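If you check TrEMBL, you get these features:
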type	residues	note
DOMAIN	A:66-254	domain 'ABC transmembrane type-1'
TRANSMEM	A:12-37	transmembrane segment
TRANSMEM	A:68-92	transmembrane segment
TRANSMEM	A:104-125	transmembrane segment
TRANSMEM	A:137-157	transmembrane segment
TRANSMEM	A:178-201	transmembrane segment
TRANSMEM	A:235-253	transmembrane segment
Amino acid sequence: MTVLERLARLAVWTIGLAVCVYLMVPLFVTVAVSFSASPVFDLPPPSWSLRWYEALGSKRGFLPSLSLSVQIALISTGISLVLGTLTAIAVVKGRFPGRTAISTFVVSPLMMPGLVIGIALLQFLREIGYRDAYTGLILGHVIVTLPFIMRTVQASLSLFDFTLIDAARTLGLSYPKAVVKVLVPVLSPAYLSSGLFAFLASMDNYPISIFLTDARNKTLPIQVLEYLEVRPDPTIAAISSLLILLTIIVLVISDRLVGLRRMTDF
Amino acid sequence: MKTPGEQKDRTWILAAPGVGYLTVLYALPLGLLLLASFRLPEAFSISAYVDFFGDPFNWYIIWNTLRSALLTTAFCLLIGYPAAFALAWSKGWLQALFLVSLILPLSVGIVVKAFAWTIVLRSDGVLNQALMALGFTDEPVRLIFTETGLIFGAVNVFVPFMIMPVYSVIRLLDPRLAEAARTLGAGPLYVFWKIILPLTVPGIIAGIAFVFSLALAMYVIPTLLVGERFMTLSQQIARSYLYLRNETLGSTVAVVLLVFSLIVIVASQWLAGKVRANT
């Protein structure tokens, strides 16, 4: 190895590790603040306590918001899994014109301004006289979650040999049964990683939700920002730390099931 | 072009539910928003745009939006490109560390992340304490409520969207290519410039398009890290709808931002197609 190569490798490793630390900073801050006894976000905390975790249950609005966000994220991810798989099969297997256009179209909400999608959807729903905030949120969140599923499932399907389904049918399975028995197991890693990304994207969505919520249906990010603007205290850090813990559990399970490395087939 | 005996292709039916859904609840509403900004269908008027572009303040907002998005994208590329190589070269627990630090921060929402950065960046915050302890500065550097603070937070949130696409093309690189070039006497710079860089261009294009379009539209990060003093198109949209209740202004700004995003999508698709055609 020449000196130049050594230097380049050193630079790559240094930047890589620095990026890791940089990415983890907000998490460390959040967890540290959540165990702080001080209400004013002093870092490092003057002393430690569990008071913000104890406060979680008594703070009105947080648990309902968390539960609403989880429901919306689960339902919209579920709908997107179905719609995304069907569209991905059509795009990968079909031989009709415009397949690239369909794929670009379905993935495009990922790159579109969320606020604009939110306003457009709100005005459309108002125009047709639809007023239910809960289903409105689901309708909006399917738009955000679908691109994640579509991208990953399409990439995964492009490596799939569709003649396997014909083989299963020759062996006596009906078409739907053949799809379930052959295709779904092949797609499960893609489902796991894209489902996780879609779920987290929905949980975190602010720009679309802000236009679709009402007083009784506030998703977690909206509740949190409102709370931060009025009187911030580390209760938010406590609820976020619980979400970090939950994600760690999901990641450990995913690692056992399919391996972390496949999670990045993004 | 159907040849006799070939089955009629009916697979497009499978795409109908997904495409239909997005057409009705995404494309159609955006189209209606566009029409409304021209006051269609009752009349046709571009007065909202004349007013918008006639106001120098709005040019300042557009410039703010584009500049912060460009800076964010540039820094994401600068640190994300090497980081993608580190991720690709790493093995075992080191790779697990890289992957976890990419995925786990997604569990903390943008709102909380931006707020955590305000704690780090404020004048008595950890970063300033560290800078002063290390002797870089005698008095606190003003970071929060500045564009520097904004870029710091935005790059933090968006850099995974640069690393992932670049990493996915690095993984497909055949290491024998670089080896072969080295055996034939090419220097490391030449190998990088003529082999590795061109082969990773599709990932770079995807990453830039991703980060740039996300940074153009970011709303929560500037709201928390800079506030009202640094207006961007997204903040102006939210302000006109949620506080000013001025829907004409809101829909005009929304269409301007929409056009920027569409340009990014179309340009990146076109560039990606061009790169594919050349290789």
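Cβ coordinates come from backbone N, Cα and C, glycine included.
Quick caveat, the model's predicted, so the values are computed rather than measured.
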Within-chain partners of the transmembrane segment (A:104-125) [C-beta distance under 8 Å, separation at least 6 from its ends]: 84, 87, 131, 136, 139-140, 143-144, 146-148, 150-151, 205-212
Best-contacting stretch, by C-beta pairs under 8 Å, relative to the transmembrane segment (A:68-92) and drawn from A:137-157, A:178-201, A:235-253: A:137-157
Positions on the same chain near the transmembrane segment (A:137-157), where near means CB under 8 A and six or more residues out: 68, 72-73, 75-77, 79-81, 83-85, 87-89, 91-93, 103, 106-110, 114, 117-118, 121, 125, 186-187, 189-191, 193-195, 197-199, 201-202, 205, 208-209, 212-213, 217, 219, 265-266
